[in-house]
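Trainee: Take this structure, written in structure tokens, and hold onto it; I'll ask about it next.
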Amino acid sequence: MPRTLEGQITMEKTPSYFVTKEAPKRIYNMSRDTKLIVVVRNPVTRAISDYTQTLSKNPTLPSFQALAFKNVSTGLIDTSWSAVRIGIYAKHLDNWLQYFPLSRFLFVSGERLVSDPAGEMGRVQDFLGLQRLVTETHFYFNETKGFPCLKKPEGSGRPRCLGKSKGRPHPKIHPQVIQRLQEFYRPFNMKFYQMTGQDFGWD
Ligand SMILES: Nc1ncnc2c1ncn2[C@@H]1O[C@H](COP(=O)(O)OS(=O)(=O)O)[C@@H](OP(=O)(O)O)[C@H]1O
């Protein structure tokens, strides 16, 4: 954890916290006042993104379809595959709500982070009790990258986009596989919308 001065905020992130069983208890015991920010995107796209990342490190990986299904003909999804399991957000949130009230959380839409980065960053700044210093003026849409980038990051006069491993093209997945996964996630997504009081528009 980085050290901070009075009046500064310490921030720490890893994609694993939200899905790690022991994390809520450990964080609660460290500081029960911690504010928690969770970035979520459509779990189907998330699973494909996760697969794309693993595939980039291991080109001999079986196909997405082979990993996602326990039985392709019956459409039985393999929930033990982490790329699938991580997207069951309602289940993970349930675990966190044993320790932290909903008011400690901010759920950021991964989709809106791309379509309206300043809007989502506005919500983050409000949640953290910060002045809205990061605004529209700080972002531009980079056509080559296909994503928003920062115009002038702190301490640099040059624009900056996220690295090559963020915003990679995804492999083409059969529409029926996508549809079956959408169906699989629908009840969990509905539960998640209900728990958070936010409709993320994935269904
Ligand atoms: N501005 C901008 N530039 C590039 N990428 C962006 C941006 N905003 C959001 N995204 C999406 O972030 C996805 C990668 O985030 P990760 O969750 O994999 O990152 S991390 O594991 O937490 O480090 C990455 O997923 P993939 O598209 O699957 O690569 C992007 O869709």
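Cβ atoms here come from the backbone N, Cα and C positions, even for glycine.
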Trainee: Of Arg41, Arg158, which one shares the 3'-phosphoadenylyl sulfate site with Ser49, Lys166, Gly167, Arg168, Pro169, His170 in TrEMBL?
Mentor: Arg41
Trainee: Far apart in sequence but close in space: which same-chain residues, 6 or more away, have a Cβ under 8 Å from Ser49 (3'-phosphoadenylyl sulfate binding site)?
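Mentor: Same-chain residues close to Ser49 (3'-phosphoadenylyl sulfate binding site) (Cβ under 8 Å, separated by 6 or more) are Arg41, His170.
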Trainee: Please find, for Arg41, Ser49, Lys166, Gly167, Arg168, Pro169, His170 as listed binding 3'-phosphoadenylyl sulfate, the greatest distance between any two Cα atoms, in Å.
Mentor: 16
Trainee: For Arg168 (3'-phosphoadenylyl sulfate binding site), list the number of other Cβ atoms lying within 10 Å of its Cβ atom.
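Mentor: Around Arg168 (3'-phosphoadenylyl sulfate binding site), other Cβ atoms within 10 Å: 12.
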